[in-house]
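A.B. asks: One structure is given below, represented as structure tokens, and several questions about it will come after.
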2 protein chains.
Amino acid sequence: MQDKQYLMMPGPTPVPPSVYAAMSRPVGGHRTDEFARMHKRIVEKLKRVFQTQNDIFVITNSGTGALETAIANTVSARDKVLALITGNFGERFANIARAYGAELIEVNFGYGKDVDLSVVEEKLRQNPDVKVVLATQNETSTGVCNDIAGIGALVARTPALLLVDGVSGVGAIEIKVDEWGIDMLCTASQKAFMLPPGLAMVSVSDKAWGVVNNNKAPRFYFSIPAFKKVLDKWNTAYTPNVTLFYGLEAALEMMEAEGLDNVYTRHALLARATRAAVKALGLRLLAEERYASNALTAVWGPEGIAADDLRKIIKNKYGVIFAGGQGEVKGKIIRIAHMGFADKMDVIIAVSALEMALAEAGYPVQLGAGIAAAQEVFLGRV
Amino acid sequence: MQDKQYLMMPGPTPVPPSVYAAMSRPVGGHRTDEFARMHKRIVEKLKRVFQTQNDIFVITNSGTGALETAIANTVSARDKVLALITGNFGERFANIARAYGAELIEVNFGYGKDVDLSVVEEKLRQNPDVKVVLATQNETSTGVCNDIAGIGALVARTPALLLVDGVSGVGAIEIKVDEWGIDMLCTASQKAFMLPPGLAMVSVSDKAWGVVNNNKAPRFYFSIPAFKKVLDKWNTAYTPNVTLFYGLEAALEMMEAEGLDNVYTRHALLARATRAAVKALGLRLLAEERYASNALTAVWGPEGIAADDLRKIIKNKYGVIFAGGQGEVKGKIIRIAHMGFADKMDVIIAVSALEMALAEAGYPVQLGAGIAAAQEVFLGRV
């Protein structure tokens, strides 16, 4: 039916009516006291999400722009960069460093695996001249959540900076920038922040500032020193997406009204229910449960049925939009997002659509079995 | 979670984003060519929904205002009115006639029953001086769909007018004003027309005009002759809700894009799936299936559990809003609306919330059993 669409891909994610209402306000000027006051309020709220005292810059680009901002301000040609890769977005982070002329040490842990800390420790010992370490909090392509606290503890002992891609994780999965020693955390609006795409956020630690201020790579739109120069007046270096700032404030207010702990607990609950349902249907999860993401669940397509054919049935018959595989697992997996503006009934919709599509595709599914497993989780029985 | 609300009561019903978008247009003047052209387009589309060549008046009030418009223009003090009552809204229609001084012949068929045509035939024979017959297409309080074609055929043989309350039926369940001999059909915006409350629509047959033009009851805002006087210029007698007119045009465009036959088939499918699910959970339906509504399903509360307590769990834990009982069945039933902007996943949400709430209330429910029954219907297996 027209207008009946259930967006369950890992970004863009659904936007709550309250956020749309805030965004429908007539656009105001960005060189005004009103904007400055809002900008300050937003950054104060973001600091509570990031758990940091560091500066946070809200910049007008998408997640990849946030990653490039981090690289452009810390990596110069021939700098040694250790890239910890667990999927497509880990590869992208490395590719951005490569574009800036980095000498890359890439460690690929494999699709569906998480970062092995002992390997990180060894690589750092073998390469004491590593300037920057790249890690992914929540690998969107596989639904793997890496141990950023563990990686942070290892990098903190070295002169290297830790740059973290938190694009699909921040706001869904707790992160502690200061306690875990994250020098730059990058995230974006269109995932757990419940906004349309167009804004990114980057934090910068004291340790990072020395490098940022002296980096040699060309930078202008992505220049953090340019952002910093105007931040004391709560100004932005270039024209910001004012409308998304309105939305971001509303979204952060929603998150605070729910309570950040409750937001994280909700994501954990939805993830557990989704995994329980998938297993009850006899399907296999891509990631091991001990490091499975709370924001997204990746599922192997069933034996003999193309994952993308299944996604097509799910979209065309039920209006539910899942993501497919990327990179090595292209065409082989289905990715179900449960991040941001998502609650129990979204999991119910996802599982029900999956059950019916499996039945149509000839998979021997017991209708309702996945739903029952999710319901058991919601009822607190398992 | 804030903003996660699933409105499944019989009006207001959910409004599609396309309709909200149309309604967000800046309000225009109603004494303009633009308004007149839009008014004409809307009435042409409504005539296809009503299946009539009669005039249709779009008036600014809610469903009860539409019913009063019909009464105020056809009933004067001491006129004999036959009221065919199958629930709360049938009673309301009679009460409006009573307020206008009618001499009422009330036939109450009982909550959960439909109109018995043999009784109608007998009452009309016994009372050849009946001026107006009141009937309800879809009795919102019980989920009963009456045989308007049958009633119409009986009334057509007499001088009486047939006034039909189609508030919660029109747009969800097919109705044929001309073929079935409906002299005035009343409906409203906030049910199957997928709009917020505030507009009502009334059609007037040739047979009705003689009565309407000469009725003695006091009327001003509800005066159909006043509406008619300006209709040739596609004007309205008094200030219309212009914003809802924008929404109504968008909603009618959505219905025509889907195809009216498909709209009715969709409602029938959702009703069948809902009934199958309810039965699979061991609950009893209020209405017999042969005359059960395609727009709304009324379900008896389970033995030993107060229906309103169950509704409270469903609302507070899952954000799903069902209606309760009215009149004789107050506190005893749950009413699940599946009308207007409703599709398969809405039934899945409704049933899943019901299953979990039953489990919490201690009812021996097999989780997923209702969902499976609904899915079987959606998959075309039953």
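A Cβ is built for glycine as well, from the same backbone N, Cα and C atoms used for every other residue.
Sharing the features that TrEMBL gives for it:
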- A:Arg335: substrate binding site (BINDING)
- A:6-326: domain 'Aminotransferase class V' (DOMAIN)
- A:Lys191: N6-(pyridoxal phosphate)lysine (MOD_RES)
A.B. asks: Using Cβ atoms only, which residues of the same chain lie under 8 Å from the residue listed as 'N6-(pyridoxal phosphate)lysine' while being at least 6 residues apart in sequence?
C.D. replies: A:Pro10, A:Gly11, A:Thr13, A:Gly63, A:Val167, A:Ser168, A:Gly169, A:Val170, A:Gly171, A:Ala172, A:Ala295, A:Met339, A:Gly340
A.B. asks: Give the helix, strand or coil assignment DSSP yields for A:Lys191 (N6-(pyridoxal phosphate)lysine).
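C.D. replies: The three-state answer is coil.
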A.B. asks: Taking 10 A as the limit, how many CB atoms besides its own sit near the CB of A:Arg335 (substrate binding site)?
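C.D. replies: Counting Cβ neighbours of A:Arg335 (substrate binding site) within 10 Å gives 25.
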